[in-house]
Amino acid sequence: MADIIDGVSHTFNEFLLIPRLTTKDCTHGNISLTTYLTKVSDKCDLDAMRLNIPMVSAAMQSVSDARMAIALAQEGGLSFIYCSQSIEEQCKMVRSVKLYKAGFVASDTTLSPKDTVATAMRLRAKTGHSTIAITENGCNNDILVGLVTSKDLRLSRIDPNDSLDKYMTPIDKLVVAYEGISLHEANDIIWRHKLNCLPIIDRNKRLKYLTFRKDYDASKKYTSQLVDAQKRLMVGAAINTWDYMDRVPALIDAGADILCVDSSDGYSEYQFDAIKMIKNKYGDKIKIGGGNIVYPDAFNYLVEAGADFVKVGIGGGSICITREQKGIGRGQASAIIDIARERDALYQRTGVYIPICADGGIVHDYHISLAIAMGADFVMLGRYFARFDESPGKKTHIGNQVVKEHWGEGTKRSANWSRYLDTGRPDIIFEEGVDSFVPYVGGLDENLQITLAKLKSAMISCGAKTINDFQKNALLTIVSPSSIVEGGAHDLVSRPMME
Ligand code: IMP
């Protein structure tokens, strides 16, 4: 007969946090939400990747495209761009995140010194930008020779047939900065020299970006941006276990910072082989996470394959019907707690710490606090991000409610991309997800700030200033069904609906 695990498997809703002593230094301003994203060893943590907030967006068509990835990396999190699309399309998304530089703008109004004022006027009208970068042959990424601004063309006697070299401020009279400078340093130069525009060039004097004074406020807003060594926003990419031989090198070439295998059941030889091969061949270039799993034996298996982090959760996702269809899964809270214990035991034995990601089933903001208190290092969310302006789903109405589309990766809709391509992807015989809607709630930034404030408040109540303190100090309790009722608003007469 089959083995049966002792005890029932629990979900987030069945837990609450018990407050620990809140010390006076435990304030919102003093809390760090930085957390490990990849493997770290006692001996050296220089190589480990970190997140600035413990949240990543799910590798789903309705969640993580380039727009979402940019918005989330600006806040300190990370998106895993979905792999249910062609390798070319996925690489294109990755590239556009890597090329995006908040505050560093690639000039779209570039001409050569021999172009005429009339051409400049036409281009300015087309792009809506008044600053014209002048390069030797009029292309971006060419040697910068000057700038023409509105001020230069405001002179009374301008002949539209004059060439721009007559009006431009030449390079030797411009303040410029070199590629690699941080936005903070660029803004300092702008203020010090009272500039409106600071061109950024490389060592060969080729134009890379323009930085504008007017963008300063926008860039100041994002103090926790997740960036790589070259100050580019970071982005992850999902892979599958059948075309990784081609997909992985292409994603590395496109600039992906980290990979994760996207699978509803990660305890498989397919995944072991994929992770092992990628670690052997590309381990010096990129890190990779494995999953999804719900039991410690599977955690050890993926760690042995070389996983840099492990994703936990089967059957708990908002659009997921894996449990109904296959009878496979486990209450997400029990899965996280058991695997976190195994992870901690591994660390005690070896000094190697493998971060775990709680993936799926996060409904309320406080579930994020619970997942971390239970031992997760970060959480992956689909439904949460699908509700925002930045998600790819279409906005529509159901009755009076504004909603956005949200569908699972295990639906035929998601699988459709490979129908006419020779990908070797097995056909879907039955669906493991649904095609549905989520309530639309507005922009990512405003909503995320509220979620993070709640997480910080929970940490303050538990006397924790860091994610690591929180995991170590938290005290959790299982609640009875009647205390769940007690926890909501109850025994009240509802206000009548106003006309
Ligand atoms: P959510 O945050 O509750 O919406 O869960 C998101 C997670 O659900 C994803 O990160 C995946 O692990 C999982 N998921 C995505 N699509 C499907 C599906 O079609 N079936 C089952 N699970 C899915």
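For all residues, glycine too, the Cβ spot is worked out from N, Cα and C.
Sequence-distant neighbours of CYS320 (active site, thioimidate intermediate) (same chain, six or more apart, CB under 8 Å from its CB) are SER264, GLY360, GLY408, GLY410, GLU432, GLY433, listed in sequence order. Taken from TrEMBL, the feature active site, thioimidate intermediate applies to CYS320.
Feature annotation from TrEMBL assigns active site, proton acceptor to ARG419. Other Cβ atoms within 10 Å of the Cβ of ARG419 (active site, proton acceptor), summed over all protein chains shown, number 10.
Under the three-state DSSP scheme, ASP262 (NAD(+) binding site) falls in the coil class. Of all the Cβ atoms in the protein chains shown, 23 others lie within 10 Å of the Cβ of ASP262 (NAD(+) binding site). The NAD(+) binding site annotation in TrEMBL covers ASP262, SER263, SER264, GLY313, ILE314, GLY315.
Among the features that TrEMBL reports, K(+) binding site is placed at GLY315, GLY317, CYS320.
Among the features that TrEMBL reports, domain 'CBS' is placed at 104-163. With helix defined as DSSP H, G or I and strand as E or B, the domain 'CBS' (104-163) counts 14 helix, 16 strand, 30 coil.
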Filtered recorded positions, from SER264, CYS320, ARG419, whose Cβ is under 6 Å from an atom of ligand 1: SER264, CYS320
Residues within 8 Å of the GLY315, GLY317, CYS320 Cβ centre (excluding the K(+) site residues themselves): SER264, GLY313, ILE314, GLY316, SER318, ILE319, ILE321, THR322, ARG323, GLY329, GLY360, GLY361, GLY408, GLU432, GLY433
Cα distance (Å, whole number) from GLY317 (K(+) binding site) to SER263 (NAD(+) binding site): 13
Span of ASP262, SER263, SER264, GLY313, ILE314, GLY315 around NAD(+) - largest C-alpha separation, Å: 14
Distant-in-sequence Cβ neighbours of GLY317 (K(+) binding site), under 8 Å, six or more positions away: ALA58, ASP359, GLY360, GLY361, GLY382, ARG383, GLY408, GLY433
Overall pLDDT of the domain 'CBS' (104-163), taken as the mean: 87
